[in-house]
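If you check Swiss-Prot, you get these features:
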ACT_SITE  34  active site
BINDING   37, 73, 474, 511  ATP binding site
BINDING   75  Mg(2+) 1 binding site
BINDING   76, 77, 78, 79, 98, 221, 292, 293, 294, 514  substrate binding site
ACT_SITE  77  active site, proton acceptor
BINDING   99, 249  Mg(2+) 2 binding site
C-alpha cells in the first residue's frame with residue numbers, strides 16, 4: 001500500500017529533503033501495517049508479555065522449561081495463500097521455521113490453523129488442496145513434523161482463506177542466540193539468491209484483495225525447502241561453535257526491515273553495499289532492498305569469527321555475502337555500485353508513525369445479540385447434521401498428508417488427542433503439549449468474549465493432555481483498520497485477550513496481526529478471528545492423555561452446562577444461523593476445573609480426556625466413543641439448561657469429558673466434582689432423557705469420518 005500524504009510529509013520534514021526511489025521503497029515496506037504495526041501497536045501494549053518463565057519475546061517467544069528453552073511462534077500468510085495457495089502456504093511454513101531458528105532453537109514441530117470458505121465452492125476446494133499440499137511438501141522435505149492444527153469452514157472466508165502456521169523449537173539453555181551487536185560487527189546474508197519474487201510482499205499484505213489479483217503474483221515468494229534444511233543445519237552448527245551474535249529472518253520487508261529493525265533495537269547504524277549481495281538476476285537497488293525472496297537470513301558475526309563461519313556455510317553449500325557492518329551513527333546507509341542510494345535514521349525508519357485510529361461498534365452488530373425462538377428439532381437429525389459438519393468431522397484427509405513422525409518426538413499424534421504431545425529428548429520423560437485454536441463465529445458475534453473463549457479452549461486442550469499451560473502466542477486477523485466499524489473488532493479482541501491471559505496467568509508472549517482481510521469484489525470482510533497457540537509442560541509423556549475410551553468405560557462430565565447456543569455449531573448446522581452471544585468466558589472457573597483435571601489424570605483408571613467445545617456434548621461423546629458407541633443420559637448433565645438441545649449442543653467452557661474405568665469412578669468423582677453422564681459401548685450413539693430414548697444415531701462414526709472428506713474429494 002503506498003505511503004499516505006501525511007506519511008510522505010512526515011518523511012520529508014524529518015529528512016529535510018525528498019526521499020529517493022530506494023528510500024521510498026524502504027519506507028513503503030517498513031511502514032506497511034505488516035511490518036510496522038502502526039495501527040495495532042497502541043493496543044498490543046495491553047498484552048502481558050512477561051512472566052518469570054518467559055525469557056525472550058520478539059521474532060520467537062522463548063519459555064524456560066527448566067532444563068531447556070522452548071521457542072514458539074505463529075504467523076499468517078493469508079494474502080499470498082488466497083492468490084497462490086500452494087506457494088503461499090509453503091513459504092509461510094518456511095518463514096515461521098526461520099523465526100524459530102533465529103533464536104538458536106532447533107525447529108521440532110509445526111501446527112497449522114486454517115480457515116476456509118464454503119466447502120461446496122470449487123474455489124474453496126482449490127484453496128484447501130493447495131494449502132494442505134504446500135504445508136505438507138515443505139514441512140516433509142525440511143524434516144519438521146506437522147503434529148496438530150485446527151481447520152474451520154465458513155462462507156465469509158470463500159475468497160479470503162486464513163492460513164497460519166505455528167512452529168515450536170528447542171534450544172539448550174547455554175546456546176540461545178541473543179547477543180548484542182556492536183559497531184564493527186559484520187552483516188552476512190546467508191541462504192538463497194535474491195530475486196524479484198516477493199517484491200513488496202509486505203505492502204501486498206497491507207491492502208485488500210482486488211479483482212484481477214493475478215497481477216500480484218510477483219508478490220508471492222518461491223519456496224525452496226532444501227535450502228531451508230541447509231540453513232537449519234548450518235545455523236545450528238554455527239550456534240554450537242558460538243559464532244553468531246544475532247540472527248534475523250529476512251521476511252516481510254526484506255533487507256529494509258531486517259537492517260533497520262536490528263540497528264534501531266540496539267541503538268546502532270548500518271553501512272552496507274547492496275551490490276555485494278548474491279543475486280539470482282539483474283536487479284535495481286530498490287528491488288534488492290525490498291525483495292522478500294525466501295530462505296534468507298541475516299547473520300551478525302564478529303570480524304574475528306568470520307572465517308570460521310564461512311567454512312561452516314561452505315560445508316553446507318549455503319550461499320552467503322558479507323554486505324556490510326554495524327556502525328555507531330544510528331543511520332542506515334546503503335551503497336550500490338559505489339553510489340550512496342539511501343541514508344536514513346534507523347529508528348525513524350524502523351518504528352514509523354503510531355496511529356490512534358478511531359473505532360466504534362457497527363450498528364448492525366447489535367441486532368445479532370438477539371437469538372430468535374428456535375423450533376423444536378428431531379435430536380437424531382440434529383446430531384447427524386452437527387457431526388457431519390466439516391467443522392466437527394475428522395480432518396484425517398488433511399493430517400494424513402503430513403509427516404508427523406520425523407524426529408521421533410511425537411507422542412500424541414494428530415487425531416489422537418486435544419493437544420499434540422512431544423518428547424523432550426533433552427530431558428526425558430518430560431514433554432511439551434501444544435494446541436492451536438480459533439473460532440471465527442465467536443469473535444464475530446462478540447470479539448471480546450470470543451477472543452477469551454478461543455484462548456480458554458486452547459487452555460483446555462493443553463490441560464486435557466495432562467500438561468500445565470505456560471504461555472501462548474496469538475494471530476489476529478481482521479479487516480481494514482481504516483474503517484472504525486471494522487477496527488472495533490480488532491480492538492475488542494485484544495481487550496479480551498489482555499483480560500483472559502491475566503485471569504489464568506498464561507501470558508501471550510508474541511504474535512502477529514493481519515489486517516485488510518477483505519476484498520473489493522464483494523466489499524465484505526472476513527469474520528474477525530483470533531488464533532491461539534498454547535504450550536504446556538508435561539512432566540511425564542508416558543502419562544499424557546488422549547481423547548479415547550474403551551468398552552465399558554463410564555463417561556464423567558466435569559463442569560456445568562449452561563444454555564449457551566449463541567454462535568454454536570448446532571445453530572449453524574441445524575438452523576443456518578450465526579447469532580446470539582458466544583459462551584460466557586469464565587476464566588476463574590476454568591483455572592479451578594483445570595486443577596481438578598490435572599489431579600484426576602493421575603488417577604489410575606482414567607482412559608481418556610476430551611474437552612467439550614465445538615459441537616457441544618454430543619460431539620465430545622461421539623469423538624470419545626468412536627469404535628464402541630455410547631449411551632448419554634441428559635438428565636445427569638449438571639447445569640441450568642432447560643431444553644435437551646441445550647444440554648446436547650451448548651458450547652459452554654470449563655467442561656471436560658473423561659472416560660473412566662468403573663472401579664476408578666468414585667475417586668475421579670471425588671477429585672473432580674463431576675457426574676457420570678453415560679457409558680461407552682453398545683454400538684450406536686444413544687441419548688436418553690429421564691430414562692427415555694430421545695435419539696439414536698447408528699452411523700455416527702461414518703458421519704465423523706467422512707463429513708469433511710466427502711465434500712472435498
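Quick reminder: no glycine exception, Cβ is built from N, Cα and C everywhere.
As the structure is a computational prediction, the values presented were derived from the model and not from experiment.
Structural mapping of features recorded in Swiss-Prot.
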residue: 34; record: active site; Cβ within 10 Å: 27
residue: 37; record: ATP binding site; Cβ within 10 Å: 19
residue: 73; record: ATP binding site; Cβ within 10 Å: 30
residue: 75; record: Mg(2+) 1 binding site; Cβ within 10 Å: 23
residue: 76; record: substrate binding site; Cβ within 10 Å: 25
residue: 78; record: substrate binding site; Cβ within 10 Å: 24
residue: 99; record: Mg(2+) 2 binding site; Cβ within 10 Å: 27
residue: 249; record: Mg(2+) 2 binding site; Cβ within 10 Å: 25
residue: 294; record: substrate binding site; Cβ within 10 Å: 26
residue: 474; record: ATP binding site; Cβ within 10 Å: 27
Using a Cβ-Cβ cut-off under 8 angstroms and a sequence gap of six or more, which residues of the chain neighbour residue 77 (active site, proton acceptor)?
88, 89, 91, 92, 95, 163, 164, 165
If the ATP binders are 37, 73, 474, 511 per the record, what's the largest distance between their Cα atoms, in Å?
17
For residue 34 (active site), just give me the three-state DSSP call.
helix
Among the recorded positions listed here (34, 98, 294), which has the Cα closest to the Cα of residue 73 (ATP binding site)?
98
The record lists 76, 77, 78, 79, 98, 221, 292, 293, 294, 514 as binding substrate. What's the largest Cα to Cα distance among them, in Å, rounded to a whole number?
20
Those residues of the chain, 6+ apart, with a Cβ under 8 Å from that of residue 98 (substrate binding site):
228, 231, 249, 251, 295, 297
Close in space but at least six residues away in sequence, with Cβ under 8 Å from that of residue 511 (ATP binding site), the same-chain residues are 44, 47, 74, 473, 474, 475, 476
CA-CA, which of the recorded positions 34, 75, 78 lies nearest residue 99 (Mg(2+) 2 binding site)?
75
Secondary-structure category, per DSSP, in which residue 294 (substrate binding site) falls
coil
Roughly how many Å lie between the Cα atoms of residue 37 (ATP binding site) and residue 294 (substrate binding site), rounded to a whole value?
22
Tell me the Cα distance separating residue 75 (Mg(2+) 1 binding site) from residue 292 (substrate binding site), rounded to the nearest angstrom.
16
Which residues, in sequence order, are found in the same chain with Cβ within 8 Å of the centroid defined by the Cβ atoms of 37, 73, 474, 511 at the ATP site, excluding those residues themselves?
44, 74, 75, 473, 475, 476, 508, 510, 512, 513
